[in-house]
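Here is the structure we will look at, set down as structure tokens.
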2 protein chains.
Amino acid sequence: MIIQETIKGIREEVKSARRKKRTVGFVPTMGFLHEGHLSLIQAAKAKHDLVVVSIFVNPLQFGPNEDFDRYPRDFERDEQLAKEAGADVLFYPSVTEMYPKEMPMTIHVTRGTDVLCGASRPGHFDGVATVVMKLFQIVQPDEAFFGQKDAQQVAIIANMIEAFNVPIQLNTCPTIREEDGLAKSSRNVYLTAEERQEAPIIYQTLQYGAKRIQAGEKKREIILAEMKERLLSASGRIDYVEVLSYPSLKQPEQLSGRIILAIAYFYQHARLIDNYILEA
Amino acid sequence: MIIQETIKGIREEVKSARRKKRTVGFVPTMGFLHEGHLSLIQAAKAKHDLVVVSIFVNPLQFGPNEDFDRYPRDFERDEQLAKEAGADVLFYPSVTEMYPKEMPMTIHVTRGTDVLCGASRPGHFDGVATVVMKLFQIVQPDEAFFGQKDAQQVAIIANMIEAFNVPIQLNTCPTIREEDGLAKSSRNVYLTAEERQEAPIIYQTLQYGAKRIQAGEKKREIILAEMKERLLSASGRIDYVEVLSYPSLKQPEQLSGRIILAIAYFYQHARLIDNYILEA
């Protein structure tokens, strides 16, 4: 596996692969890789000749009081894991390489950001869309791989690709979970032992809501109330519990069609998110 | 010359050229072509195997009280002129082809828009950057050609290419003028006979300011006052007269280095712009 820290370097890798008629799969990450990321790398490797993984903790998508500085980083471990999962090239740029000066413009997301994580993280998805557009232009892959765990991010990247006619396929891969159901996340390391033991309640609550819908309960308010009720026994704090149409992210009174159940939950040092998509 | 009205169609043209190892030059326009556009097409043809010209009057870059509906259009004339100038493919999409639904996000320009045309046309450069990003993603040329007449537009496209790492070269071509010095513009057709006769005063005022700087006058305020004074005899209305550092578009008290002199001037049915760049 080759490591490239510069835009020029990664472009040369991709260009060289293109000359040999190789296809390129791309997995953008913020590092501190877990099995969720590795499943994306494996999915990319199964379909493409060259797999590029980027590791870049993007300051633009963190709010002033969020965890940019203390976001977990472990490059040597990531390097090992990415290589084992099948990455051919690791793109590992510095903040200065990606943002040599203040950005004179950004992508501003005007739809689909007033709910879920967008509501509590203003500007977050502008930062995500901006860095992903940059990475797409730098790497120019055939296909990019994202995890369904970040459902709103996936919806916004899909919108971005469509809105700007970006010539890249989007591949959304299923959420990878611990054995007890907790969604894998780089932020899980921040949980205390007690919180870690309790945290599967997030996914259990999503499963419960999904079962209630499948059993015939179609009133959004009732599902929301029952899910919140179940979360009351946990020791953290609800950021949101949501039931929305998907991917439009609207709030229908009566649930029908494709539905996303989503939770964001604050523990002491970590905000965890998870979601469940089903046909109502 | 081939005409393509769909994104799919233009992409196939470019893809087919790529397979034959042909390079691609791109000239985005809003149509109603004049010699300025034709010089861009010729410059593209001199350097590239395949020249794509787009004609699209972009609603996103017109304000609510601006001239989108009455912006001049003459496709058959444009077709003839583009062909004669050397265009190989004309991309002529409908508004629905470019914007099948409301844009869920746009590029928002945060720097370089508080002066010149940005000050009097809020949102204009967001619309320009957004449509140019779309066109770049659709056509994926090696090099794109723009006219220096729209100096602020060129500066913002240059910033966009840099900010988002768009893999496209930018080529800025000199302003083409009538024999009496008036910059060629699609909007010149709106001038009355008297206005048309008078309009060269815009370029003469720019030339005058440039000469005064070259003769040693380095105070910005004095140059501005003298230029405004000269425009007083004309029958229209000043939108702005500006002297700025270029390309940073700052307002230095003392002029030095690269400087842009710029004017926007309202006649009854047309707002004309022009500029002059020099070393102070």
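Placed from the backbone N, Cα and C atoms, the Cβ positions cover glycine too.
Those TrEMBL annotations? Automatic predictions, nothing curated.
What you are looking at is a predicted structure, and each value in this text was computed from that prediction instead of being measured.
According to TrEMBL, the ATP binding site annotation covers A:30-37, A:147-150, A:ILE176, A:184-187. Counting only residues at least six positions away in the same chain, the Cβ atoms of A:GLY147, A:LYS149, A:THR175, A:ILE176, A:ALA183, A:LYS184, A:SER185 sit under 8 Å from the Cβ of A:GLY36 (ATP binding site).
On its own chain, A:HIS37 (active site, proton donor) has A:VAL27, A:THR29, A:VAL53, A:LEU81, A:ALA85, A:GLY147 as residues at least 6 apart in sequence with a Cβ closer than 8 Å to its own Cβ. DSSP assigns A:HIS37 (active site, proton donor) to a helix in the three-state reduction. Annotated active site, proton donor per TrEMBL: A:HIS37, in sequence order.
A:GLN61 (beta-alanine binding site) has a Cβ environment of 21 other Cβ atoms inside 10 Å. Under the heading beta-alanine binding site, TrEMBL lists A:GLN61.
What TrEMBL lists as (R)-pantoate binding site is A:GLN61, A:GLN153. A:GLN61 (beta-alanine binding site) falls within a helix when secondary structure is assigned with DSSP.
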Cα-to-Cα gap, A:SER186 (ATP binding site) vs A:GLN61 (beta-alanine binding site), nearest whole Å
16
Can you tell me whether DSSP puts A:GLN148 (ATP binding site) in helix, strand or coil?
coil
Given the binding-site residues A:MET30, A:LEU33, A:GLN61, which one's Cα is the least distant from that of A:GLN153 ((R)-pantoate binding site)?
A:GLN61
